[in-house]
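Reviewing the structure listed below.
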Amino acid sequence: MQAQTASETTSHSRLYLNPPGLNPAADKANHTNLWRNPEVGKIYRNTEHVNAPLVPPLLDACGLTEEALASLERPIEILDMCCGAGVVSAQIQTMLKRTGMAGKGMVNLMCSDSSAAQLEYVKYRIQADDWVDSKVVQADIACLPFESNSFDFIVVGMALMAVAEPYTGLSELLRVLKPGGRLATSTWAVEGWVAATCEAVADLSLPNQKPVPWPRESTQLTRLWAPGPWDSDYFTAAMYNASGFVDIRSDTLPDPVSFESAEQFCAVYQGLHFGTMEKYWSKEQKEKLGHRLAETFAGYLRKKYHGGPFGFERSTVVASGSKPLK
């Protein structure tokens, strides 16, 4: 099957890369436009603090272990889809160097995302950190520009729950996998900081109005963008099954996170705070109170934890599946 062109696929996706094809209503509903915003792309890089620790088990689920890389007998193709700032690719590069496989031409790594801002940063990392055998392609998970049967392994870290068409995306990932190839994804399950910090905005309000709304439990955040309960390992496995994957595994793994200061917390979650504000607040609230949100959270956390370090419970769904051999 030949790769589809942008003109051939725009009728099938809400994540159009060409401006004339944008669907504002769908983008607003799913907030994919948020992740494409250049400024949000920059601040989203800070989330590596919370996303990096779960990359090793994600790669393990895909079959990309150091032992497997060290024993390669033929070249393999890896796709890091929705790569963001490159947290998954960075770990793969580290593994290649540790196993002595870097630069041997045995692993070809494709980094792909729909956000140009994220990809510019990945290009910088490729140069600055001396990544080997790596390429960057801007692409939409719902209409991938790759030939069918192209990749041995595909990894999608902390993204499937935040794209407009995850079901079409899974079908596309299956298409570009080679027979027997494996996909692994991670999606958020429980974000403990939501319930622990929801009272931070209790006094943030416009004159003579109630306090601004804010998520009070994890699902009110995790399902804010996701079209479907991707915080459930059972649901995630079912969607793999419906898309045609076999040998499916799906587990919820503990992933606690700690912070040295309130300022670090605010920097890490700045993108999610901004996106939540965009979804929950009125235009007037955003215009008149938006600039106070970061300091409101910082002040609350400094007081609650007496200026010291703190942490929250967190868990993540890690799922994987293979493309049938026939």
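The backbone N, Cα and C atoms fix where each Cβ goes, and this holds for glycine too.
The region 'Disordered' annotation in TrEMBL covers 1-29. Per TrEMBL, compositional bias 'Polar residues' is recorded for 1-13. Taken from TrEMBL, the feature domain 'Methyltransferase type 11' applies to 79-184.
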Please average pLDDT over the domain 'Methyltransferase type 11' (79-184) for the predicted structure. 96
Which residue counts does DSSP give the domain 'Methyltransferase type 11' (79-184) for helix, strand and coil? 40 helix, 30 strand, 36 coil
